[in-house]
């Protein structure tokens with residue numbers, strides 16, 4: 001017999017040899033047809049072996065996938081403010097630029113423009129035009145190994161060190177099946193973002209003579225984030241009242257003179273619910 005290779009190469013070799021021998025014998029048509037049928041049956045029966053579905057290696061799309069280095073994707077999953085990977089990825093709806101949630105909220109304390117393209121996000125409340133991008137955040141957690149676990153541990157340690165209760169992840173509630181005609185639920189037209197969790201009442205006490213002209217506050221009720229400091233409140237008052245830079249502004253809560261570094265949430269916890277006035 002002729003030598004043959006093992007695996008997928010033996011069958012094509014034998015098939016070609018059978019065809020060359022049978023072509024030389026043109027008189028015996030019946031024997032030629034039988035040999036061709038036998039060879040076709042052998043090929044069809046051993047198709048799994050040729051393509052590696054039984055004992056051979058499986059040649060699938062996964063084997064041909066190109067491995068991508070994480071460095072190629074890094075520019076698309078980095079926050080341009082903190083230069084780190086996205087944490088609670090938040091997108092501006094006006095220009096679709098994405099940042100960490102804490103980074104963009106802190107940025108909007110001082111400006112109402114996008115940090116990347118400088119577009120005006122909102123004239124007065126830029127926090128209204130940001131949305132969490134959960135799909136992008138899931139992609140970041142899958143690309144960067146152990147990023148989600150490290151972030152959860154840091155958040156847990158942060159709250160434990162300050163004696164605060166660790167917030168639990170939000171679990172979607174099942175929607176009960178409706179009976180009969182579905183009823184339209186009319187929600188509130190104006191919704192306050194959860195980031196603005198502190199309402200403050202600003203009362204102007206007075207000023208010494210010769211401090212210059214100033215505009216009165218149009219609205220004395222303001223809703224801001226609890227992470228805002230007294231320094232942020234002072235900047236807000238100076239801008240709204242057109243105060244002279246040389247004018248000194250003291251912010252008092254009851255009998256307490258507040259410092260610039262104190263946050264509104266800390267003041268509420270120390271002094272009480274009536275503190276933020």
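Positions of Cβ are set from backbone N, Cα and C atoms, glycine also.
According to TrEMBL, the compositional bias 'Acidic residues' annotation covers 23-45. For 79-118, the entry in TrEMBL reads domain 'RING-type'. The region 'Disordered' annotation in TrEMBL covers 1-60.
Beyond the domain 'RING-type' (79-118), the same-chain residues lying 6 or more positions past its ends with a Cβ under 8 Å from any Cβ of the stretch are 124, 126-127, 129-134, 136-137, 140, 144, 147, 151, 195, 225, 227-228, 232, 235. Residues in the domain 'RING-type' (79-118) partition by DSSP class (helix H, G, I; strand E, B; coil) as 7 helix, 9 strand, 24 coil.
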